[in-house]
Amino acid sequence: MASVRETGVNVSNDGITVVLGSQWGDEGKGKLVDILCDNVDVCARCQGGNNAGHTIVANGVTYDFHILPSGLVNPKCQNLIGSGVVVYLPAFFSELEKLEQKGLKCRDRIFISDRAHLVFDYHQRADALNEAELGKQSIGTTGKGIGPAYSTKATRSGIRVHHLYHWAEFEARYRKNVADLQKRYGAFEYDVEAELIRYKELAQRLKPFVIDAVAFMYEALQSKKRILVEGANALMLDLDFGTYPFVTSSNTTVGGVCTGLGVPPQRIANSIGVVKAYTTRVGAGPFPTEQLNEIGDHLQSVGREVGVTTGRKRRCGWLDLVVVKYSTMINGYTSLNLTKLDILDALDEIKVAVAYIINGKRIETFPADLDSLEEAEIVYETFPGWKVPTTGITHWDQMPENAKKYIEFIEKFVGVPITFIGVGPGRDEMLVKE
């Protein structure tokens, strides 16, 4: 694989490089982050929680990441969990220990913002009770308590990391939140006293990791450190711009980077959108190009489309460029990473959605009104397959002609160059398009 510095999208030392999902998540952001982390000083998470999930294969070892930044794979990289992240401490320590068991030395390279909000078991209980209450109208959350944690944040009853070190306030907030949830959902069994004892211990274990993240990021920028931010989830799961209400509870856009880390927008130098060569989605919600047929089955099985966090099979369908173009409008991508191209290798023909026809009108942007999508006619562009393996390709001139046409069409339609092309699961199976 060509080095990152040969791509034209270097990790700048005069600003922040951001990696964002352009679809419904699971695009393969972690692999690109892992590759780029070879040349960065800081890797940060800005939003979400341990509802995110991705797998990295490095030096023959497989690592699963949920709450921790994937820059931990690079022994020289400092890693930050920013103020916009919601943190479930048992999961934080469990994930840290699993990485250490695989040989990574992490403890002096991972930091948590003192302004980050905490996720508790009562949030997870509320998550499950809310989904059960919704029944068939449930949105299919990960059950990690992320939504309820962001809810208490929005109502100003949330508990932040710094509250752990002011115990009287922590305890008062904790007891009130449990009482409020029991009023809302009815009395449920919950051992508050045992949980308070547990969090007194966790507070002491966490203390070495806690920092002022705003000052950390400011100093990193002033020192011209190379900074990479990995977004969790994806644009179509954004609270404001995604397929609401079938979304996550944080801002997954480039704007979420600024609010989640406390950095000004003008310090973002590069925004890389990660695009899977087809489309997948976990859980309920609109999916215009979903294929409930042999094509969908092929993409699911060959692509091994099973969620890292939930273990659920992902719904699969054709690439939807209406979604990717809409995502580009919001995030202003400077380049794209097309992933899992190899999963299309065996197909006779490949379709790409380029527009929707709704109420007789052709549109090329994603509508806010989800009901209108149910009646939408999807306009496809059809391409002949290339029918040869792309795995093992290391240079653009080795790419099959039909695959080149597919890639070039995406670039032209979206208006953004594709710089990286994934042709296999390994970190070395990433073609750099000059």
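Cβ from N, Cα, C; glycine included.
From the candidate list ASN74, ASN233, ASN293, ASN331, the residue Swiss-Prot records in the IMP site shared with ASP26, GLU27, GLY28, LYS29, ASN51, ALA52, GLY53, HIS54, THR142, ARG156, THR248, ARG312 is ASN233. Nearest by CA distance to HIS54 (active site, proton donor), out of the binding-site residues ASP26, GLY311, ARG314, is ASP26. Rounded to a whole number, the distance between the Cα atoms of ASN233 (IMP binding site) and LEU341 (GTP binding site) is 20 Å. Rounded to a whole value, the Cα-Cα separation of ASN233 (IMP binding site) and THR55 (GTP binding site) is 14 Å. In the three-state DSSP scheme, GLY25 (GTP binding site) falls into the coil class.
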